[in-house]
Amino acid sequence: MRHLLGIEGWRRDELESLLDRAKAHLPGGPDTTHLLRGKVVANLFFEDSTRTRTSFHMAAKGLGASVLNWTHTGSSVSKGETLLDTARNIEATGPVAIVMRHRSSGAPHLVAKHVKCAVINAGDGTHEHPSQALLDAFTLRQRWGSLDGRTVLIVGDVLHSRVARSNLHCLKALGAQVVMCGPPTLLPPGLESLGAEVTHNLDAALPRADAVMCLRVQLERQEQAFLPSTREYARLFGLNAAREERMKAGAVVMHPGPINRGVELAPAVADGARSVILEQVSNGVAVRRAILEVCTA
């Protein structure tokens with residue numbers, strides 16, 4: 001049994017082994033419905049989620065597990081139940097894994113210290129979203145074979161993005177160079193010390209990127225003065241058709257979703273030939289099956 005609380009702490013060989021295992025879970029692969037037959041996986045989501053919760057649900061069912069879907073709406077949390085009490089009550093139903101999303105950074109780490117089953121972080125505050133980073137890396141490996149020597153440009157609200165943090169750790173561990181790009185107000189200090197290159201000039205960074213990952217701009221950031229306007233953001237950092245033409249041959253466009261069309265990505269780019277966004281979604285089920293398999297072994 002092993003927790004997946006973040007990418008930090010996982011060695012390159014461990015990440016590659018998990019990603020290699022995910023290939024067996026792609027459509028057309030061997031039958032895996034026996035791996036967790038008779039077991040229960042609990043989805044414990046304190047934040048709304050469509051893609052991640054559905055993907056983990058499908059992953060668990062594909063391994064033969066029963067799935068307990070818990071959401072905060074109408075739960076005892078609204079009556080004052082603590083996080084640990086909720087987690088312990090869920091654990092008492094006998095799951096082999098708790099897949100957990102929470103608004104507070106570090107919440108899955110706290111739960112992992114107090115339960116005996118595997119805890120899988122499905123996103124905690126602005127800290128990490130490890131399964132998203134793994135499916136992103138898997139998507140690129142399927143295209144390239146290896147990430148060694150590749151350059152991945154991550155554009156947008158890095159400051160508040162758990163996806164960016166997990167991807168930085170994962171991509172660097174797998175041999176890629178990571179460039180972070182965005183307005184100064186949305187790039188946290190210390191990125192260079194984690195191995196990232198930092199730029200505020202998207203047009204200068206685009207031509208050398210093998211993949212461009214656009215992050216969702218949370219529209220409330222404009223009200224909090226992180227952005228002058230979404231129109232200004234799109235002008236400086238949005239990936240439109242003109243900018244797409246400056247990308248190198250074979251470079252791909254990624255987005256963790258949901259997309260603000262016309263802000264981070266022009267519709268023609270999001271739906272264009274370079275886009276692997278739907279591949280990311282479909283690969284997510286295979287990667288999350290591998291995560292459940294590895295963490296519950």
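The backbone N, Cα and C atoms fix where each Cβ goes, glycine too.
Look at Swiss-Prot and you will find ARG51, THR52, ARG101, HIS129, GLN132, GLY257, PRO258 tagged as carbamoyl phosphate binding site, backed by sequence analysis. Residues annotated as L-aspartate binding site in Swiss-Prot, with sequence analysis given as evidence: LYS79, ARG162, ARG216.
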Euclidean distance between Cα atoms of ARG162 (L-aspartate binding site) and GLN132 (carbamoyl phosphate binding site), Å: 9
Secondary-structure category, per DSSP, in which ARG216 (L-aspartate binding site) falls: coil
Integer Cα-Cα distance in angstrom, GLY257 (carbamoyl phosphate binding site) to ARG162 (L-aspartate binding site): 13
Chain-internal residues, separated by at least six, CB under 8 A from HIS129 (carbamoyl phosphate binding site): THR52, ASN121, ALA122, GLY123, ARG162, VAL163, ARG165, SER166, PRO256
For the carbamoyl phosphate site built from ARG51, THR52, ARG101, HIS129, GLN132, GLY257, PRO258, further residues of that chain with CB within 8 A of the site's CB center: SER49, THR50, ALA122, GLY123, VAL163, PRO256
All-chain count of other Cβ atoms within 10 Å of GLN132 (carbamoyl phosphate binding site): 25
Neighbourhood of PRO258 (carbamoyl phosphate binding site), C-beta criterion under 8 angstroms, separation at least six: ARG216
Cβ-Cβ neighbours of ARG162 (L-aspartate binding site) (radius 10 Å): 22
